[in-house]
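Structure first, then comments.
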Amino acid sequence: MSEEEVHDTSSEASEVFTNQPNAFVRGVRSIFGYRKTSLTLFVILTIVVTAGLSFYDNSLELTIELPTSQLEKEILESSWLDLQNIARYPHTYGSRANDQVHDYLEEIIQDMEYDNDGEKIMFESGKGVVSYYESNNLLVRVNGSDGTLPALLLSAHYDSVPSSFGVTDDGMGVASLLGVLRFVAHNQPRRTIIFNFNNNEEFGLFGAHAFVKHPWFKQVGYFLNLEGTGAGGKAVLFRGTDYGIVKNFGGVRYPYATSIFQQGFNNHVIHSETDYKVYKEAGLRGLDLAFYKPRDKYHTGEDNIRNVSPKSLWHMMSNAIDFVQMGVVDDSEEPAVYTTFLGYFFATPISALARVNLVLLVLFPVVSTPLLFVIVKYKKWKLRVTNFLGVPLAMGLAVAVGQVGNPMLVSSHPMMVVATTTSIVVLVYYVVLNGVDWVNTSSDQKLVTMIEVSFVYWVVLVYVTWSGGDHTGEFGVTVLFFVQASTSLLGLIGWTFTRVRGGDEPLLSGEEERYGTEDERDTEKPLVEHNYDWSLQYLLIVPVSSLVVYNSGWLVLEGVNKTVQESLASEHLIYWIVVVFSQFLVLPVVPFITKFNRYIVLGLSVVVVVGVLMSMAVHPFNQGSPMKLRFIERVGQNDMVEVYGRQGFVEDVLSDLPSVKQTQAKLECEALPDGLEVCKYKSGLTPGNLTVEVTTEPRAESYGLISGAITIAAPENRMCTVHFPPDRVKAVVVGKFGNNFKAIPDGFSREKGNYIYKDRNGISQLELYKLDWNKDYHVGFEWLPDIDDEGGMRVEVECFWGDMVPAYQEVVHYSPNWVTWANKERGLVGVVKHVDV
């Protein structure tokens, strides 16, 4: 080798060495270059941060602090003791324990201005159903310093269902009211506060209905209702009547809220109701604050003091204490959109969000369409129809195959079900989009996918905006569309500023300078790992979108996943929620999904295999997440115990009961609509001396209508129901009334101490609730005879008792630990009598 050659070689080596980037540049390239390893790092960090922030945001232990001031410490200690005393026994309206709770509360408030409400009301509580109710609410009034302000009503109910100790539903609400009462006794509020410790909420919201008829109701302008539909945890702002009152919730110390649950009520996804409904319909403005999970312990013996903590009680109580100190309320009565994150509260009127949505829906298509035209026409961005087939094809396939086989598993293992479904969805997108990427030679298929995902969000946002005020929980779609469409728009703008090289000059290569990440298979394009636009796109889209979807979706799923066992319709709804949740979890990362490395794909495949195997092998219920069965014993011509639940579970539970095996009682199971079944058996465990005697009184006829009356004698009883043939009875009266129904106006009326209700469309059921345990019911009615009978009518009377009965004690004691029990009717035992009038 000559000296010149040696010199040239050493010069080239020196030039290569000097052109090597330094360590910092190499580090930046290794992290932010569009490499599979870099993307894997970003994805893992996103999962960890999203799950961590969501866990912290929803954690009771990490976000709520116990009181430090001496007064608040004493208030919490006293209220916790109150809760222990209130929830010592089940205390349904039809039990002696209910009276004990009433007397306990009355003793606490006796030194204040209070009223032992004795309202008697009668109203139509359902289609063809009339209810008569004798109230014993306890009302307390604390006068405020500014008498010009409308009063604030604080409400909670002190009854439970017969199958539950009523700790969360609604002992925590009652104890919180007592805590607020002690606080305002030391700190006079600005506005007058009226406390309604109401009774018999569970079977018809009767205590709230009674308060609406009370003279103090006229003072009230606003309300805060405290409830519980789970067993402990954090108390969430369920719903609010309007933006003006909702925004005051931002002043509490530990706000926790989402209007997603409000939409659930509005769209009838959540079927249970609270006193909020009565107060809102009566014209008041206010909030519903409630515990919301887990619903499998709701109305069961697991709603007990062991499953809650003082910190849960303090969360509800402290927010109530802060809320009662609110000032002037805004006049805005629009529906509110609201949420919290990391203790920060956000609320806006639905109209403001609708205006933002409309701007976004119009702005992005108007701006992006011309840009796309310019890029395709003048910047030589080669697009085919196949470029746009990937996302819709993958989305359809993912919906078709993305369900776990065991339909009940989501009740006990929601995280596993979501992880499995999401992994399936990711793998489907990975396979389909890689196939599309292989077929197409288009550069920046990633940007095409971003535009497609933006269009999906655009369609959803159109639906949300068009749906109006009932869709206050879908505010997250606005965020998802904004970040996705903005990033897509930036990508299009980047393309418009690229230079196109090429032409007829022979010295030009004919190549094009392209914007965006290139395809590795095109060796003439810049190296993929030296493109950094992807990292900006990822950071703009994925972290925010993932957090919004995960936090909202998980909150919803935790609130409703237990309802999968309530009906087939609920099962379908829950799995629809899981599929939608999984789809929206995956959509933000879809533009980058083709760059997933083999370790991510392998990990997702393992999750799918494990999830599918678990769905086949794992029992869907366990001690921590039990199945709820409903119980009623009916005593009459055929004394039977009836147990209701999902098909395929009830018979196995009952067949192992000692009374069933010893008496060789035959289990009669019957399929019911909506995936339910009822199993009946004769129990040798009698409920004791429960008697119902029904006597008839002479009937009379006037203008073709027949009137008659019955007397119901049911010792130690508070609850009975009279069933009439459909559409025949036109008027009912509680009390002793004459036969002149013709002069009575339609609807409710009261005459000579009698409570009368008239409905020409027909009354099929009369519910009776009284306070005197041994007083007889006197019921009169007027009916229209059938043409083919002699004017007689058969009436069914059923009276309920809420105290423990031997057959119920047996099923609780001997059933598997993956079963919990709730009442089917207003009592645990019902005595049925028939009488011909």
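The backbone N, Cα and C atoms fix where each Cβ goes, and this holds for glycine too.
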Binding-site annotation, Swiss-Prot, Zn(2+) 2: partner of ASP169, GLU202 in HIS299, HIS315, HIS413: HIS299
Candidate annotated as N-linked glycosylation site in Swiss-Prot, where the set is ASN143, ASN440: ASN143
DSSP-derived structure type at ASN561 (N-linked glycosylation site), helix or strand or else coil: helix
Mean of pLDDT values spanning the topological domain 'Vacuolar' (561-572): 90
Winner by Cβ contact number (other Cβ atoms within 10 Å) across the binding-site residues ASP169, GLU202: ASP169
Other same-chain residues whose Cβ falls within 8 Å of the Cβ centroid of HIS157, ASP169, GLU227, the recorded Zn(2+) 1 site, in sequence order: ALA156, GLY166, THR168, ASP170, GLY173, GLU201, GLU202, LEU226, GLY228, THR229, THR274, ASP275, ALA290
Residue with minimal Cβ packing [other Cβ atoms within 10 Å] among the glycosylation sites ASN143, ASN561, ASN689: ASN689
Nearest of the recorded positions (GLU201, TYR298, ASN689) to ASP169 (Zn(2+) 1 binding site) - Cα to Cα: TYR298
Listed recorded positions among ASN143, GLU227, HIS299 whose Cα sits within 10 Å of ASN561 (N-linked glycosylation site): none
Distance [Cα-Cα, Å, rounded] between GLU202 (Zn(2+) 2 binding site) and TYR298 (site 'Transition state stabilizer'): 12
Candidate nearest GLU227 (Zn(2+) 1 binding site) in space, where candidates are the recorded positions ASN143, GLU201, HIS299 and distance is Cα-Cα: GLU201
